[in-house]
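J.: Could you have a look at this structure, given as structure tokens, before my questions?
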Amino acid sequence: MKLITLVQKTLEDKSGEINKMDKAKQTSLILSFETSCDETSVAVIKDGTEILTNIVATQIKSHQRFGGVVPEVASRHHIEQITICINKALESAHVTYADLTGVAITYGPGLVGSLLVGITAAKVVAWAHHLPLIPVNHIVGHIYATNFEHPIEFPALALVVSGGHTELVWMPQEGEFKIIGETRDDAAGETYDKIGRVMGINYPAGPTVDKLAHEGQDTFDFPRAMMKDDNFDFSFSGLKSAFINTVHHADQVGETLDHANLATSFQNAVTDVLVAKAMRALDKYPAKEFILAGGVAANRGLREKLDQELSKRDIEFVKAPLKLCGDNAAMIGAAAEMLQRHGAKADMSLNADPGLEFEWEANEAQ
Ligand code: KG4
Ligand code: ZN
């Protein structure tokens, strides 16, 4: 009798241990890196949904005097900052390398030198601590910033608007990403930065132009390119030229233009096209959820217009949290948890892919 009780007790203890081990295995604790442009960022993400820490070292001040990001300067800053960020991240998350279950890294798209700094650091950590290395597409990262709001419901459509990208991404199911439209020239954020420069606003000009846009009126009739075209593409270079010509002409004739009105007119032109194309895309791709992500997703005008339009539809609208719209490693950690479940894994031969892109949705290929 005693023996049977003992055996039973031992089995119970063992199953308790196994349960504990299973639980420990199921918990994902990812150290993620993001160095694709001008932010050096390292985060610790639990289960793809909880930010234990998200360290972001920005280089904006170093690039401001050049009016944009200088790739060589960016790489050098990443080298200086990366180990500091790793140590800070582990310390503030109260975790050690032994607690981690994986290392995630942005491998493209982005600046090749900048990407390589993060990739090298991530490889070293993964190799030294026998951890899986998870390669993450930067755009998947931007989209997965919304995972901290709530898990993405599929099918979903994402509008990703940043300094380097403007695209509509169709996600029929988890792990599948297809481009259905993109900018044919400048990205939306890049256009904000370029017209901001003409107005004497420091890089990155987006936030200041956005603020000014709420103080003026739409008095300049700037073009809304490709708005009525039967596709989901964008073009902002015509708008940029129209804006710059207007300002230069005024300078030549000694006229002073109202900066708030200029900003409102410009912002309306950008957001009208972004929203019109997104709604056209939703007519063809009936998604359960619409996602707004990327640096320009912080734009108040864009958020308001989309709120208004999407409230007329039976669809969930999820915006990336304001703090996670710009580049950061937390979004990379969230994306990595999903990608790892789908088998994503890299070895020590992982290289930077500066021009990394999703495939086009078959019937939209151009
Ligand atoms: O996603 P992000 O941090 O970097 C890239 O991957 O490009 O985006 C940075 C871009 C910059 O062009 C910046 O001017 C723009 O996002 N941006 C904004 C706003 N906040 C940042 N553009 C318009 N309105 C904003 N509120
Ligand atoms: Zn970005």
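Quick reminder: no glycine exception, Cβ is built from N, Cα and C everywhere.
Quick paste of what TrEMBL says about this protein:
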type: BINDING; residues: HIS138, HIS142, ASP327; note: Fe cation binding site
type: BINDING; residues: VAL160, VAL161, SER162, GLY163, GLY164, ASP193, GLY206, ASP210, ASN299; note: substrate binding site
type: DOMAIN; residues: 50-333; note: domain 'Gcp-like'
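Show me how these features fit into the shown structure, please.
T.: In the shown protein chains, 30 other C-beta atoms lie within 10 A of the C-beta of HIS142 (Fe cation binding site).
For GLY206 (substrate binding site), the count of additional Cβ atoms within 10 Å of its Cβ stands at 26 [all protein chains shown]. Mapped onto three states, the DSSP output places GLY206 (substrate binding site) in helix.
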J.: Spatially, and counting Cα to Cα, which of the binding-site residues is closest to GLY206 (substrate binding site)? Options: HIS138, HIS142, ASP327.
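T.: Nearest by Cα distance to GLY206 (substrate binding site): ASP327.
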J.: Apart from HIS138, HIS142, ASP327, which residues in this chain have a Cβ no more than 8 Å from the mean position of the Cβ atoms of those residues at the Fe cation site?
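T.: Close Cβ neighbours, site residues excluded: GLU34, SER36, CYS37, THR106, ILE139, GLY141, SER162, GLY294, ASN328, MET331, ILE332.
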J.: Which binding-site residues from the set VAL160, SER162, GLY206, ASN299, ASP327 have a C-beta atom lying less than 6 Å away from ligand 2?
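T.: With ligand 2 as the reference and 6 Å as the Cβ limit, the list reads SER162, ASP327.
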J.: Taking only C-alpha atoms and a 10 A limit, tell me which of HIS138, HIS142, ASP327 are near VAL160 (substrate binding site). These are the binding-site residues.
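T.: Passing the 10 Å Cα cut: HIS142.
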